[in-house]
Each structure stands twice: as structure tokens, then as C-alpha cells.
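To keep things clear, I will list the structure first and then write my remarks on it.
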Amino acid sequence: MKIVNSIKDLKAYLAEAKQDNKKIGFVPTMGALHNGHLSLVQHCVKNNDVCVVSVFVNPTQFNDKHDLETYPRTLEADCVLLESAGCDYVFAPSVEEMYPEPDTRTFDLGTVSEVMEGAKRPGHFNGVAQVVSKLFYIVEPDNAYFGEKDFQQIAVIRAMVKQLNIPVTINACPIVREGDGLALSSRNTRLTPEQRQKAPLIARTLKESTTFVPGKSVQEVIDYVVNTINSDPVMEVEYYEIVDGNTLESIKNWSDTDYPVGCITVYCGEVRLIDNIKY
């Protein structure tokens, strides 16, 4: 496995692979890797000849400076995990390498980038589109892999790829969970022991809520999820929306879509956790 810091070097390595008609798979990450990321890497290794993983904490997608500063950075440990998972190239550029000058591009990706996370974190998805488009131009992968925990992010990236005509297949991989149901996230390490004990309530409540469909209305299911989670004093639901899984538009009735997905964000103490479930 090679660890590469410069765009020029990575492009040189990958040019050889492309000349040999090798299929290139790519997993973009911000590091602080866990088994969720590693499952993406395993999908990538299995279905491609070359596996590239980027580790880059992208400043343009953080709308909270404190969040950027406290985001865990564990490159050495990440590389050990990536090597054992069969990764070929780790691309770990500096901010200066990725942004030699400010990226002033703004993306208009419609509803998928405006609702839920888009409304709560202004500029977040624009930053995601900036960095992922740059990474796609650098790596030129055949396949890219993203985790369904960030359900909305996948919709944003699909819209961006379509708009920019980037020839890459976006692969969405299932959420990986702890034994008690909590969706794996780099932010979980910031939970106190008490918060960590309480956090599985999110996944448990979402799962329970699927048993009410179609008997209860969409609004009744939303109320149940929000009230159940908020009944724990450590937890506060920021939003819970049931949307069409393709357009991300909120639905009022189950008949509005054949692909209803519930997307939730919960503050567990200071830590912001996200999850989703298909109905």
C-alpha cells in the first residue's frame, strides 16, 4: 500500500493502472476510520482492480469552526486499518494541496441539497460537492463507495455527478451498526459512557416505528419517533422527516411514494448523531 500526499504522484500511479485497463474503485473519507468505512473499502476491493481511499478533513463542508477543530484525526491508525483491508493507495493531501486557491464554485442541486441537513447546516453540501468533485477529477474512478448512514449526502453526490457529467458509478452501501444498533460514526468516540449507553435508543425507535406502517399515518409515526427519543433527557431530536428516498421531498401519506425513508438527526448531549430507516 502506498501513502500519497500529492495529486501529481497519485495521478502518475493511477495512469499506469488505467493504461492496463484496470478498474479503479474509490472511497472518499475524512479519516477517523471505523468498521463502517472498512466495509466500504471491502466492497471497493472486491469489485475493482485498484482501491484508492482518500483521508482528508475537508474544511469547506464544516459550518461550525469548533466541529472542524475537534474532528478526530488519526491518520497513522487509519493507514494500519486500510492496509489490512486491502487498500492500494491512501491519498492524504494537505488543505493547500486540495485548495491551492479558494474554491468559489456554488452548486445548485435542488431539493436534495436544500432540505434536512441542507437547511440545518448552510453551505455544508456545497462544500461536500466541491471536495468530492475535485477528488473525482483527481482519481477518475470507475466506482465510488458511500455509506447509507449519510443518506442525503448520497443523493447530493448523485445529483452533482449527473450535473457535471462525471463518468463514475455511485455505489451506496448498507449502514454498519454496533451490536446494540447504534450506527457507526466517527463522532461516537465523543460520547460519554452514559450517552453511549443511551444512543441506541435512536435505532431502536426507528426500527419499532416500521411496525406501525401502514396502520398509522406518516405524521403519527413521526410524532412517535420524536416523542419517544425526546423522552430521554440526554437526547434531543433536531429533525425527523419521512421523505421520498429519491427526491428527498417530505411525504404526507404513505401512498405518496413507493420508497419512503425516515431521516433523523439527534443531539445526544453535544454530539450530533444521524441515522435513517427504510419503511
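The backbone N, Cα and C atoms fix where each Cβ goes, and this holds for glycine too.
Per Swiss-Prot, active site, proton donor is recorded for H37, and the stated evidence type is sequence analysis. In the shown protein chains, 25 other C-beta atoms lie within 10 A of the C-beta of H37 (active site, proton donor).
In the shown protein chains, 21 other C-beta atoms lie within 10 A of the C-beta of G36 (ATP binding site). The annotation ATP binding site is assigned in Swiss-Prot to 30-37, 147-150, V176, 184-187.
DSSP classifies Q61 ((R)-pantoate binding site) as helix under the three-state reduction. Under the heading (R)-pantoate binding site, Swiss-Prot lists Q61, Q153, citing sequence analysis as support.
Look at Swiss-Prot and you will find Q61 tagged as beta-alanine binding site, backed by sequence analysis.
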Site of maximum Cβ density within 10 Å, from binding-site residues M30, L33, V176: L33
Sparsest-packed among the binding-site residues, when each Cβ's other Cβ atoms within 10 Å are tallied, from Q61, Q153, S186: S186
Rounded to the nearest Å - Cα separation of M30 (ATP binding site) and Q61 ((R)-pantoate binding site): 11
Cβ neighbours within the same chain of E148 (ATP binding site) - under 8 Å, at least six residues apart: I154, A172, C173, P174, I175, N276
